[in-house]
Amino acid sequence: MFITFEGIDGSGKSTQIKLLARYLEKRGKRVILKREPGGTETGEKIRKLLLKEEMTPKAELFLFLASRNLLVMEIKRYLSEGYVVLLDRYTDSSVAYQGFGRNLGKEIVEKLNDFATDSLVPDLTFYIDVDVETALNRKGELNRFEKREFLERVREGYLVLAKEHPERIVVLDGKRSIEEIHRDVVREVERRWKLDV
C-alpha cells in the first residue's frame, strides 16, 4: 500500500500523515514514513539546497526529480517487502508547484515525473485543501515557495489534478479539525483495504 499526502504548506498534511502512521502501526502494519524532497541521504542534501538557494524553475524541477528518483528505489523495495509506505509529497507536488506555480507546464512536468519514478503511482493520495489565506496564517512566515499568487496557482494545480484523478485523489477540507480530517482519512483507508480493527 502506497499512500501520499499533498497540500500547500500549512494545510495540515504532515500532521495527518503521522496520525495515519500511528493508526496503522497499532493495527500491526509495518509502516515507512518518508518525505519529499528528501527521504534518502542524498535527497536530504538536495532538500537543504532547494530550501535555501534561489534558482531557476527548471533547475529546481530537476533537483526535485533527482531526489524523487533516489527515493522511488527505496519505496519499491519497501513495497516489495510488504510495508505500507506513507509519503509527505510526491509527483502531484511537482505538477502543482513547478507545473502550475512556476508555470513550467503540467504536461512536461508529468512526463518528467513519469520518467524519474519509473511510472510508480500511489494507490491513494489525500489532498488536504485549504485556501491560501488560512495556510499562510497557520505558517506565520513566508519562504520563497509561499508567495500568495504563487500559492494560488499551486492550489489551482492540485484541484485540477484531483478532478483528473478522482479514483486516486481524495480531497479533504483542511479547515476542519485535525480529528475530523483524521477520521475521514481512516475511513477511506479502511474502505479500500478492509483493515483488521
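The chain as shown is numbered from 1 upward.
Note that Cβ sites are derived from N, Cα and C of the backbone, with glycine treated the same way.
Going by Swiss-Prot, these are the annotated features:
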BINDING   GLY7, ILE8, ASP9, GLY10, SER11, GLY12, LYS13, SER14  ATP binding site
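Overlay of Swiss-Prot feature records on the structure.
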| residue | record | contacts (Cβ under 8 Å, 6+ apart) |
| --- | --- | --- |
| GLY7 | ATP binding site | LYS13, TYR127, ILE128, ASP129, VAL130, TYR158, GLY174 |
| GLY10 | ATP binding site | VAL130, THR134, ALA135, LEU136, ASN137, ARG138, LYS139 |
| SER11 | ATP binding site | ILE128, ASP129, VAL130, ALA135, GLY174 |
| GLY12 | ATP binding site | ILE128, VAL130, ARG138, GLY174, ILE178, ILE181 |
| SER14 | ATP binding site | PHE5, ARG35, ASP88 |
**Asked** Per DSSP, to which secondary structure element type does SER14 (ATP binding site) belong, with helix, strand and coil as the options?
**Response** helix
**Prompt:** If the ATP site is taken as the center of the Cβ atoms of GLY7, ILE8, ASP9, GLY10, SER11, GLY12, LYS13, SER14, which further residues of that chain fall within 8 Å of it by their Cβ?
**Reply:** ILE128, VAL130, ALA135, ARG138, GLY174
